[in-house]
Amino acid sequence: MLKLAKTSKKEKQQTKSNNFTAKLMNKVTFNTSNNLSKSALRRKKRREKEQLKPKMDELFSSLPETSTNTDITNNTTTKIVTASSGEGFIKSSKSNLNKPNPSKSSGFKQILKDEHKNFNNVLKNPQFRTSPFDALRNAIQQNMK
């Protein structure tokens with residue numbers, strides 16, 4: 001049997017690594033931005049965007065110039081106006097009444113006691129005998145206020 005010339009294991013590894021590095025070098029490089037970092041690219045883009053924006057000097061130059069603008073700014077005066085009490089103010093939505101809390105048992109008991117007293121007063125009212133529904137309606141309206 002003839003022995004064919006075989007490449008050694010180290011030579012195979014070396015050729016594979018050389019092929020791999022050659023492929024990487026032929027493909028797109030990782031830094032395609034002419035050796036600029038990401039932050040430098042961002043700064044560059046930001047500067048380009050700022051240059052596209054109109055500048056205030058250009059805007060002022062495009063406006064028609066009038067001499068009355070300076071007269072108006074010189075003649076304006078500031079008036080101090082005092083608000084009268086109650087005008088222009090929003091009333092607070094929170095009522096300052098000291099009512100019992102219905103979510104607590106003691107407050108619920110107090111509310112029941114007060115309602116019982118109010119209902120007895122409605123029943124004792126002479127208007128209740130003439131028109132009971134009107135008397136109840138009036139009592140409920142008074143309670144809602």
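Every residue gets a Cβ built from N, Cα and C, even glycine.
Database features (TrEMBL):
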type	residues	note
REGION	1-20	region 'Disordered'
REGION	34-75	region 'Disordered'
COMPBIAS	48-58	compositional bias 'Basic and acidic residues'
COMPBIAS	66-75	compositional bias 'Low complexity'
REGION	89-108	region 'Disordered'
COMPBIAS	91-106	compositional bias 'Low complexity'
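Residues of the same chain that lie 6+ residues outside the compositional bias 'Basic and acidic residues' (48-58) never bring a C-beta to less than 8 angstroms of a C-beta in it. Taken residue by residue, the compositional bias 'Basic and acidic residues' (48-58) breaks down under DSSP into 8 helix, 0 strand, 3 coil. Secondary structure of the region 'Disordered' (89-108) per DSSP (helix as H, G, I; strand as E, B; remaining residues coil): 4 helix, 0 strand, 16 coil.
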